[in-house]
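Annotated features in TrEMBL:
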| type | residues | note |
| --- | --- | --- |
| DOMAIN | 200-480 | domain 'Peptidase S8/S53' |
| ACT_SITE | Asp209 | active site, charge relay system |
| ACT_SITE | His244 | active site, charge relay system |
| ACT_SITE | Ser437 | active site, charge relay system |
Amino acid sequence: MSENFTNNQMTSALPPIIFAEASVHSIEGESIFDSSEPITHENVSRYLNKPELIDKAIEKLKNAGFEVLHIGAATINIAASPETYEKVFHTKIVPEEREVLKFGKKSTATILDDPTTKLSGLIDASNSDLADVLEGVALNEPVYYFSLGNSSLATLERATPFESTPSAMPPSVEGFYLNVPDDVARLLKADRVHATGITGRGVHVVMVDSGWFRHPYFVQRGYQANQVVLAPGAQNPAHDESGHGTGESANIFAVAPDVNFTMVKQGGFSFTSAVVNATGDFNKALELRPDIISCSWGFDERERRPLSAAERTLSAAIANAVSQGVTVVFSAGNGHFGFPGQHPDVISAGGVFVNSDGSMRASDYASGFESPLFPGRKVPDVCGLVGMQPRAQYIMLPVEPGDELDVEEARIDPRSGSTLVDGTQPQDGWARFSGTSAAAPQLAGICALLKQANPSLTPQRMKEALMNTAIDITEGHNAQNQPARPGNDLATGSGLANAERAVQTVRNVH
């Protein structure tokens, strides 16, 4: 994907290729773009594609010059040049700069829009030759990983993978931090579950992220990972140019070491920590028939307004997955008002910090808030392990040598002079980071334990088990300055997930 999506680029130019979701007329006739109610697992069947129109829609899209990348239940993932969209739909696509939160700081992102429609990012298909098969097209928007990242440094220092074999053992550096797998498993009480024979065996977890590098850390421990699956628009399955997906996946294995793991490498990734084909990526994961999907990324949505066209298509994809019995975990954000982390159907992952003395407090790096998009929805549901401000360098994680996080966390930014050093070397294949990007795969790992213990669990029952057995956190405050108090609160939701108690609970359900 073009680097026009970075806020360092001129916003007057459009990218050479635009990803979008084409929505076929729905089964019950109500457009996904006109819905006045949230699209959830309870009503998503109304918005799925009319089966008899799908083949015709694909043929007409291809004949019009679009590349059909993936066929989802509610939308068709497509790509083409801006000129193709404008010609076929008789419209004009314009770039707009909007304020977002990137890496804990206010910034801007370039959003593509059609100014002739009221809904953000929607192209009206009614005046085109595709009106008989399509109700509209949603221009995809950039989403961001909820972990560390600063593309300027990575772009300056690294352009290609660094060819070296990293150590399977983490380096020993100064300061307090957690190691995988032992510390993460112990603090989430997953080690006690492992001792009973519950290790996630037979449960398929798909992570949608920046990619996965077969690090010696994973190989030495015998973790089972399938071949990386490329999402539409993604390249280089053997490499993880960011390091985010590789590192955060170690959290899943720490909690559920025998899980059947697949990484879906996201498309449109280009040293920006921005992904511009989110719905297509998610639907690719669902195609793999997982039990659990883990996502550590999202939009920053803090205003009370209608969901954009792209957010509606992603909502439908998530709701469709949950309606099929797939448990979906999303990060709440790191100071963001994370979406889809605030969608009612997902398990929303917040953060708790456990200090060296065992004391626990809300992470001031992690998000917690009342949703502006879904009335009554409180975020997070439950928490994983997340570090503290300023950078949450809390968990030592394996990454591809010389990738973005490996370089960035071991250097000082030559532009700003800010200290980023985590004690590791810039090409050693290890980096310290966390964020709610770590919490989501930790919770996904616990869900895998629950699924092995009780294969009949629904996503809703899975969420209840996590929330009802969590360790209550009463100290500290989160990134939105929400205080932790006894009981459920906006700082940590129900508290820190407790794998042992959660598994005990679901084992008693018949």
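Cβ atoms are placed via backbone N, Cα and C, with glycine included.
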All chains considered, the count of other Cβ atoms within 10 Å of the Cβ of His244 (active site, charge relay system) is 31
Under a three-state DSSP reduction, the secondary structure at Ser437 (active site, charge relay system) is helix
For Asp209 (active site, charge relay system) and Ser437 (active site, charge relay system), the CA-to-CA distance in whole Å is 10
On the domain 'Peptidase S8/S53' (200-480), the mean of the pLDDT values is 93
Cα of Ser437 (active site, charge relay system) to Cα of His244 (active site, charge relay system), in Å and rounded, measures 8
